[in-house]
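Novice: Please find one structure pasted underneath; my questions will follow.
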Amino acid sequence: MNRVISTLLLQRLVQAGLVAWVVGTLTFILTRALPGDMAFRIAAGRYGYEQVNAEAAAAVQAELGLDQSPLIAYFHWLSDLLSLDLGHSLVSGESVVSELAHQLGHSLDLALMAMLLALVIGVPVGILSGLRPNGWVDRLALVSAVALRSLPPFVIGLLLIMLFAVQLGWLPAAGHGGGSHLWLPAMALALGLAAVSARVTRHGMARVAGSPYYAFSRTRGLSEGQTLARHGLRNVAVPVIAYLSVQLVYLVEGVVVIESLFAWPGIGHALVHAVVARDVPMIQGTALVMGLLFVTLNTLVDLVSLYIDPRRRLS
Amino acid sequence: MMASRSPGLAPSVARFRWASSHTRRRLSHAQRWGISLLAALLVFAWVVPLFLDADPTRQDLMSTLAAPSLQHPLGTDHLGRSMLARVAAAIRLSLGLALLSVVTAALPGLLAGVTAGWRGGWCDRLLSTVADCVLALPGLLLVLMLAAIAPGNFWTLYIGIALVLWVEYFRVVRSATRILAQSPQVESSRLLGFGRWYIFRRHLWPELAPQVTTLAAFGAATSILAVSSLGFVSIGLKPPTAELGLMMTELFPYYQEAPWVLAQPVLALFFMVLSFHLLAGKEPQ
Amino acid sequence: MTNHWRNLAMAALGGALLFPINVHADDRVDVVAPWEINSLDPVQAGHVYGRMQIAETLVDTDLQGNLVPGLATDWQSSDDGLSWRFNVRPEVRFHDGSRMTAESVAQSLNRTLANPGVLSQADIDSIEADGDAIRIMLNAPYSALPALLTHYSTQILAPASYTEDGKVQELIATGPFRIVSLNTPQRLEAERFDEYWGEAPAITATSYLAAPRGETRALMAQSGDADIAFTLDAASQARLRMTPSVALHAEPIPRTVTVKLNAAREAFDSVEERRALSLAIDRQGIARGVMRVEDAAANQLMPAGMGAWHLEGLAAPEKNLEKARRLLESQGWTPGEDGILQQDGQPFSVTLTTFADRPELPVIATALQDQWRQLGIDVAVNVGNSSEIPSSHNDGSLDMGLLARNFGLVPDPLAIVRQDFGPQGGDWGAMNWSSDALNSAVGELISATDEGRKAALEKQTAEILHEQMPVIPVAWYVQTASVNARLGGFAIDPFERSYRLSDLHWEE
């Protein structure tokens, strides 16, 4: 057991290093390949569109030394990275680390809350559908899942605001700062996520419910609830957790729309701005943090799966 | 990693019979529904414009967001363009682009997945590492960058989205192939000297098909919604083209004034995805 | 991080109980607007600090755009117009309690001068403290200097705001409100500054939130989460008008949607061609259908309220395709087989570049595309980044650009006109076009002091721009705001310098 875990952790550590290098290098190449005058882009990000002109672009060019050769710039970045220095944003001038700390915190709040809600909604629906495959619950769940997946997230968000903020007045419409602000954007994300996790749960459940040991347990006289608790949940949990772990990363980055609709200061928003303004240190910092986050999450999921599913410890 | 447990032999045997008669297989109830729905959409998209003399880009600023009428059976959008003509044009374009995106994601994903799962060893390790790196690379970043390299081109958006989505296929196909490759059927076929293509056709594909097709059904929706999400942050706009995802973004500001107009591209996407799902039949685990 | 967990727990708790959490029943005035706070530095994000009345400038404006004393009590220029003296207001304290001195003002302004911005419009030689005043020496006369000193980039900060290498590390200014917390790029909270030199505001606390989507701002106004919401789209306005808890304000502002033309292109090198393009535009349709304001149709560059810059007595804009076709025909453009105009076998095919920082621009571009197509012009629309217009202006690759220009960036439009229509053209103005008559009028205006003469020159300049059409005006802007009905004393500043929060009070 311990040996399995330590091999796993070692593997993940190597992966983390590899990911950091690949992500950094690839972003570097891509940002250099982008068309458009970088100095003008950065000036527009800094001074706003009305102030950007040849003079501002020239000042940016001179200040940042943008005419440096790409190879030298790359090695600068690499050596800075090794000393854990992510540099300063070309737009705001603040250090990339402090900007990311602020934004990543908000993104994680949102993602974790959405995940929690998706589990609370998706898993029970999935179990109900899986216990009676092709029953009316199952069919209804499929149609709702398809419907939720065809609605763009901004429409889901809008409907939630209209209902909970404008009609009922229970929750703030948008913004951030208080705990109650988290509720609506998290819900908007969770609904789409719950749609698919309900399907994943349903298939896991249907398989378990159709298995001989499940039927045996029922004939032994255990109630449906007891059987489910004893045999069902644990077996269903593994694929659901594995699925959600991949989704969590999509969430962290895929929330741009929700962030911009709810005025939530997340990392997706930061990334879009950084790409638009050609803020290379911010792009690299964001990509790096998101990549490492992915590796960390994957490691956690593996550990949790090991815990839930003892069979895996042997392999 | 999630499908790595043996699914048991029974389904494979059952499907063995199915596969031998797959050329004249009867469609399930759901699949017939799916076909009818898709056919209805195709007819709408290609036939309606033949009978209706409406240009999807012709504007009339004096009758914007008009309610459905005889002249404009589905009303008009915020620039007074016929929604009927636009929705039909958008289905034609989006369907094609979504298919392009799905194929560019599914084919490499399938190929790499089968190769990794079958061959194992360093080949598997290499491909899995590449897949992990792609997954770790923020998908949004890849799409944004590609969109920035060739601005105003739809296909770069969809290719970028495909570059992100292929990993999903890879993961599912690889773990399924790993189990299948060690199954007695494959083992015996191999001993009997059957070629790789035969084994793939006979044993792997029937088992993989339902999983891949359902991923593809969701993938089509994902790529169209991704385009609309990008449009929401002002990336990928290309007026006056009608495309389902971008129409949702463009019409969003008028949700209160003309909800029926916003509902049209959403409904079109809903029916499109539903028909794919019904056609795909069984969903993956 | 602990803070986040607490928030999460609170949200979970609040949600689990579905407890009605009343977040806006306090005396704080919550403002929501589209513009992000992208830096601490006023040179970059001073528009927010100025509007929220955190930082102030030497010269202020009233609601009509007249210059009034700000941190300077009065100012004079020498007879040759080369030396200016601004007397610094005594007894002004910065938010950290330190006294504002002429030295600190000069330091702040010199830092602004070292950065790109409007101050470079005036050819400034030096800015120095001189007793209780500051002295600004110019290399050439510039009569609009006090107007430049209203711009947000010239806000005065305390010396303690800067690091040794001149970066802003903390925003210590002089306004009636001071920052309590600032989370770039979206949120700011401020409280009343009790040692403010002027009249103490009635409002004790304020907050600012940057919400990029218009839908969000309107919904926040409707739900009561925002006390003041700026820049609302037409659809939301109609809805808010029905909401009894808010009052809707609208005010025309000196911002114009224009089409910038590259006059070196074969297609735009004659007045006739530019006029033809203008005649093909359905401005009433754009005003009604896109801007949703009937008065938005622009018959000239500057809207009313801009003094002599606005030409009185011009007819309402008309769309006249016949006339436009004739004008183009006189320039050798004849319809080809596909309906697209041609000249010497070359089709009339151009690219219109625009950007989405202002969400109506891509929509207007789409409308223009269709209207010009009716004339036989093939227009491709490129929605990109705002920097593409100045950068393709400078490398000469631009065909035409659609943009929104704020002629009230400083209260005297001369500064922008000079920047946009000078001999070399301007990044956001004319391209490969210049007029000797205009240059000499602007050259005289820059040192003119006689009001009558100034008005005549301004009128002359406006007429040249109207006749020659180096840029085509399309629509004027109307600024809108929705305000909590319990708030009294609200007014929109047409120059968008201040939200005038210090004039507000809660009504019982």
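Glycine is treated like the rest: Cβ placed from N, Cα and C.
Automatic prediction, not curation, is the source of TrEMBL annotations.
OK, TrEMBL features for this one:
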- B:33-52: transmembrane segment (TRANSMEM)
- B:89-114: transmembrane segment (TRANSMEM)
- B:91-280: domain 'ABC transmembrane type-1' (DOMAIN)
- B:126-149: transmembrane segment (TRANSMEM)
- B:155-173: transmembrane segment (TRANSMEM)
- B:212-237: transmembrane segment (TRANSMEM)
- B:257-280: transmembrane segment (TRANSMEM)
Novice: Restricting to the same chain and to residues at least six past its boundaries, which positions have a Cβ under 8 Å from a Cβ of the transmembrane segment (B:212-237)?
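Specialist: Non-local partners: 94, 97-99, 101-102, 105-106, 110, 143-144, 147, 152, 154, 157-158, 161-162, 165, 168-169, 172-173, 243-246, 248-250, 252, 269, 272-273, 276-277, 279-284.
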Novice: Under 8 angstroms for C-beta pairs, at least 3 of them, ignoring pairs fewer than 6 apart in sequence. Is the transmembrane segment (B:257-280) in contact with the transmembrane segment (B:126-149) by that rule?
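Specialist: Between the transmembrane segment (B:257-280) and the transmembrane segment (B:126-149), contact is absent.
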Novice: Please work out which recorded stretch in B:33-52, B:126-149, B:155-173 has the most C-beta pairs separated by under 8 angstroms from the transmembrane segment (B:89-114)?
Specialist: B:155-173
Novice: Go through the chain and flag residues at least 6 beyond the ends of the transmembrane segment (B:126-149) whose CB is under 8 A from any CB in it; none is fine as an answer.
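Specialist: Contacts with the transmembrane segment (B:126-149): 112, 115-116, 156-157, 159-161, 163-164, 166-167, 170-171, 174, 226, 230, 235-236.
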Novice: List, by number or range, the same-chain residues at least 6 past the transmembrane segment (B:33-52) whose CB is under 8 A from its CB atoms?
Specialist: 27, 82, 84-85, 87-89, 91-92, 95, 268, 271-272, 274-280
